[in-house]
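In Swiss-Prot this protein carries:
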- 1-18: signal peptide (SIGNAL)
- 19-100: topological domain 'Extracellular' (TOPO_DOM)
- 34: N-linked glycosylation site (CARBOHYD)
- 41-81: domain 'EGF-like' (DOMAIN)
- 45-58: disulfide bond (DISULFID)
- 53-69: disulfide bond (DISULFID)
- 71-80: disulfide bond (DISULFID)
- 95: N-linked glycosylation site (CARBOHYD)
- 101-121: transmembrane segment (TRANSMEM)
- 122-140: topological domain 'Cytoplasmic' (TOPO_DOM)
């Protein structure tokens, strides 16, 4: 918004300089902003737009200086008169890429289970070898 006011101030200074033909310029930003009205870029049409849009809201856009329709979901066209048969943007497709990614919790449980199985195997193997008599372990 400040750029808009600076441009208005600059334009007013130039106009005054031509009008005053060399006199001192005493225009301030408050003088310019008090005289200008701020028109919104987009506003509702009002009574003249009743019935203009078939399936949507009538909007008056300052840039195009005319009525414009903002269509409801499922409709398209200048006056929202056409039905959209297939809406690809809003159709829900199964997200296959994320369904194959395991969660960190599952990976952690699987890793702990593998470590526990390895420790159990080592414990049983060392227990068996400790129970054998020394004679069986010595080769003649």
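Backbone N, Cα and C define each Cβ position, glycine as well.
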For residue 80 (disulfide bond), which residues of its chain lie six or more apart in sequence with Cβ-Cβ distance below 8 Å? 53, 54, 55, 56, 69, 71, 72
Given the disulfide-bonded residues 45, 53, 69, which one has the fewest other C-beta atoms within 10 angstroms of its C-beta? 45
Give the residue counts of the domain 'EGF-like' (41-81) per reduced DSSP state, in the order helix, strand, coil. 3 helix, 17 strand, 21 coil
Who sits close to residue 58 (disulfide bond): which same-chain residues at least 6 apart have their Cβ under 8 Å from its Cβ? 44, 45, 49, 50, 52, 67, 68, 69
Hey, what's the Cβ neighbour count for residue 71 (disulfide bond) at 10 Å? 19
Please give the average pLDDT for the topological domain 'Cytoplasmic' (122-140) in this predicted model. 70
